[in-house]
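Undergrad: Shown below is the structure under consideration.
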Amino acid sequence: MFKETLRECMEGHTLAERKAEQVMDAIMKGEATASQIASLLTVLRFRGETVAEMTGFARAMRRHSIQIEHSFSQVVDTCGTGGDDVGTFNISTATALLVSALGVPVAKHGNRAVSSKSGSADVLEALQIPIQSSPEEATASLQKHNMCFMFAPLYHVAMKHAVAPRKEIGFRTIFNLLGPLTNPARAEHQLIGVYDRNFAEKMAETLRRLGTKHSLLVAGHGGLDELSITGPSTVFEVKGDAIDRYELIPEDVGLERGDLAQIQVSTVQESATLIDQVLIGKANKSAQQIVLLNAGAALYAADRVDSIKAGVALAKEGIASGHVADHVRNLRQTDQEAEQHA
């Protein structure tokens, strides 16, 4: 089946959703060789992935993933595709910490750095915030702290068959787009950062087909996979069965434009230090405002506020009150308590 599929793709044909699901199912079961997987990823990258293919692949990945159980009806994820090559600090992780401090359950789906300076798992460790090592621990953390981190390799075990081919070919593949669409906590409210607006549009349509309550897919100025503080961002808002596209600038939500250099870092520790400063309101203006902007969008996606602007205001209040700093302190104490009992 796989050889036939490769031949069809090489000839320029696209896969129907059901066929794409079967192909990914074969990959997840270890029925495709490393060279076959690499060939498929290469063909798709150069030909361009269709929404039907992305939807079928995502359905299969979701089915093969380990999921966590929880009692929340409005879980949020702030996960991006990565790969923007801009070198910013971990904005989506800072956003997750801020939003969870405001009472919104956040199931952060992420990984270690591959091509970037710092992955979400790396920076959380640098912040001494626990990374849960099992679904049970993740559920307990989500219930107790409104925040858990789901380390992607632990939940997408079947992805092991694609790890070597992805590393060997070395370029972005469809898997970069599928990760944010396969949250193990079944988050139906998402803020997804995408490095390219064309991919953001495809992902929005894919998410609409998969089903979501309210999600924002954002592509920032200069290829940033976050809402940008330095220029306009393109937003695809998916609410139920509808998709709305619009441009957003910082001034629209009461913020000022910032400087890219102020949000760039060279190491994991620099990223962690900047996040710490943001969450106590002591960071440089650009770093402070880009987290407020993205937190405002996440709060809006979570349906906790009626607009991104209102979300920005709520995020500002949370930092100014010291509540966010207290929340981070509680998360750190959990890590220290675990070490004492180890």
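Each Cβ is built from the backbone N, Cα and C atoms, and glycine gets one as well.
Annotations for this protein, taken from Swiss-Prot, read as follows:
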| type | residues | note |
| --- | --- | --- |
| BINDING | GLY80, 83-84, THR88, 90-93, 108-116, SER120 | 5-phospho-alpha-D-ribose 1-diphosphate binding site |
| BINDING | GLY80, ASN111 | anthranilate 1 binding site |
| BINDING | SER92, GLU226 | Mg(2+) 1 binding site |
| BINDING | ARG166 | anthranilate 2 binding site |
| BINDING | ASP225, GLU226 | Mg(2+) 2 binding site |
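I'd like to know what surrounds each of these features in this structure.
TA: DSSP assigns HIS109 (5-phospho-alpha-D-ribose 1-diphosphate binding site) to a strand in the three-state reduction.
The C-beta environment of GLY80 (5-phospho-alpha-D-ribose 1-diphosphate binding site), restricted to residues of the same chain at least 6 apart in sequence and closer than 8 Å, consists of SER92, PRO180, ILE192, GLY193, VAL194, TYR195, ASP225, GLU226.
Cβ neighbour count for GLU226 (Mg(2+) 1 binding site): 29 (other Cβ atoms within 10 Å of its Cβ, all protein chains included).
The Cβ of ARG166 (anthranilate 2 binding site) lies under 8 Å from the Cβ of LEU41, THR173, PHE175, each of these being in the same chain and 6 or more residues away along the sequence.
ASP225 (Mg(2+) 2 binding site) falls outside any helix or strand according to DSSP and counts as coil.
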Undergrad: If you count other CB atoms within 10 A of each CB, which of HIS109, ARG112 wins among these binding-site residues?
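TA: When each Cβ's neighbours within 10 Å are tallied, HIS109 leads.
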Undergrad: Within a 10 Å radius of its Cβ, which of these binding-site residues (THR88, SER92, ASN111) has the fewest neighbouring Cβ atoms?
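TA: Each of the binding-site residues THR88, SER92, ASN111 was scored by Cβ atoms within 10 Å; lowest is ASN111.
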Undergrad: How many other Cβ atoms are found within 10 Å of the Cβ atom of ASP225 (Mg(2+) 2 binding site), counting all protein chains shown?
TA: 29
Undergrad: What Cα-Cα separation, expressed in whole Å, is found between THR88 (5-phospho-alpha-D-ribose 1-diphosphate binding site) and ASN111 (anthranilate 1 binding site)?
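TA: About 16 Å separate the Cα atoms of these two residues.
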